[in-house]
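Undergrad: According to TrEMBL, the record shows the following:
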type	residues	note
COMPBIAS	187-196	compositional bias 'Polar residues'
DOMAIN	8-80	domain 'Transcription regulator PadR N-terminal'
DOMAIN	94-157	domain 'Transcription regulator PadR C-terminal'
REGION	178-203	region 'Disordered'
Amino acid sequence: MSVRKLCLTILSFGDATGYEIRKESTSGRFSYFDEASFGSIYPTLAKLENEGLVTVREESQSGKPTRKVYSITKAGRAALVTELCAPQQPDSYRSPFLLIALCAEHLDQATLRAAIERRRLHLQEELSVLQGHNEETQHPGARWTRNYGIACMEFSLGYLASHGEELIAMAGRPAGANPIDDGSGRLSKTTEQTPPVATEAAE
């Protein structure tokens, strides 16, 4: 998703400052779609204003600097619809946990078990956040996307519960073993501990 589309989408739900747009895209309800940095948000908002797609007003705050609040215009909503009608790009997904799972043969069971538990706790935390967004259930689109996210996370938790031991069984070496390079480009297992490096005192 482009920063332009993200800004217009957030503003279509209500007026916001650049800071609020950034917060919504990183830790708010829009963080599941994309993320935008301050360095990209403000130039984008300035361009949207020049194009007549948003307006900006200044609001004074007691004891604080004046803040700029952005609002989407009728032309901005039309531009957002045009952008949303374009075919979307494939969802991007990266998972450090799945990288660990991919390399299970190089790890011991304790490491894999700990990785699964960390992933389970993270999913449970994210699930609790989504389940707590009851205030959004009045908006049909928000309710659908929320339920979609809940279903995905519940499936992931269920898969970990039913197939976690299968991954742990793939461990290529027992706990405490040191991996060694057998020359094949893969790490083989050994239960021998690497001897300590001799010191001058020992000599």
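Glycine too: its Cβ is placed from the backbone N, Cα and C atoms.
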Undergrad: What average pLDDT is reported by the model for the domain 'Transcription regulator PadR C-terminal' (94-157)?
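TA: That region's mean pLDDT is 91.
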Undergrad: Using DSSP, what's the helix, strand and coil tally for the domain 'Transcription regulator PadR C-terminal' (94-157)?
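TA: So the domain 'Transcription regulator PadR C-terminal' (94-157) is made up of 54 helix, 0 strand, 10 coil.
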